């Protein structure tokens, strides 16, 4: 079976969804920009040699509809002979895109693929056009479709206090800002055109979503966002709304070496699981355990973790049940996470994987694990091994 390697991984800056940098930039343009950039950074691979493009996106309507993967590829002037498909596993869409490409390469059906994802939550809101079947209520609580209430449920089940959530959220912003200031994101962010507050066109090379002034004291003043009576989850301890895209160049190890391209990491294992929709945020626990089992590893073997921060109330139970509470500051989301950077749904899987690869190199660790929860009760995880 072919070994699957990541040759390169990049992303756009994360733009604020409400009146942010990309308010006049379409999702297809963000995607096409990264497709062009990946190919330009790796000229040894001719675009025509790509076997397929796998692109994650959740809200596949309006500018993100009608197979945005193909639309973006055409905008990027990728040869017409290269196919493209849009992948949707809700929050796990772009990680699923990676898994799909990896399996094609493992089986010998492909040698090179471009994977990634996008979500412009400012142009196409998360709830746009959603219409759940009323019959679902026979099997699933209505609140299971309300992500904030599923986070409240996890907080109550696992004893995650308001104070713990506020502290974790403040940490996310502090670490993301420190990473920005130190240049830790420079190897992954591709400068991207947008508009500043005055409407002037400029190149953005930083995440505008981060709030460096965030403190535990300020977060403590916010009202509960989803359960006004007894809730603990606030807007400040939830992932920010942002616009962005991320992309990775995935190849068989043999083809990469044949072209003289240096692999950055191997895909060691992949896993997807289902869980109770009422606690959808718990999905990373069984997904990570399954991915570790497939890799023949344990959590203690993993040098760094990237766990998508849908909510502080959601990620803390996952950290606890993976036995990592005492290692948060050594292993978990060392450059902050979605609470600070935002969670553009179709982008996040590739985004956290990209950040993880850079952290693995910076920390000089062999293994890294990226995982995320998925709305309606799923989890997805990938174990990477440095080459």
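Backbone N, Cα and C atoms are what each Cβ position is placed from, and that goes for glycine too.
Taken straight from Swiss-Prot:
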type     : residues : note
ACT_SITE : 91       : active site, acyl-thioester intermediate
ACT_SITE : 343      : active site, proton acceptor
ACT_SITE : 373      : active site, proton acceptor
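Overlay of Swiss-Prot feature records on the structure.
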{"residue": "91", "record": "active site, acyl-thioester intermediate", "DSSP class": "strand"}
{"residue": "343", "record": "active site, proton acceptor", "DSSP class": "coil"}
{"residue": "373", "record": "active site, proton acceptor", "DSSP class": "strand"}
Requested in this report: Tally every other Cβ atom lying within 10 Å of the Cβ atom of residue 343 (active site, proton acceptor).
Outcome: 28
Query raised in the report: Near residue 373 (active site, proton acceptor), how many other Cβ atoms are within 10 Å of its Cβ?
Result: 32
Query - Cα distance (Å, whole number) from residue 91 (active site, acyl-thioester intermediate) to residue 373 (active site, proton acceptor) - result: 7
Report task. Have a look around residue 91 (active site, acyl-thioester intermediate) and count the other CB atoms within 10 A of its CB, chains all included. Result -> 33
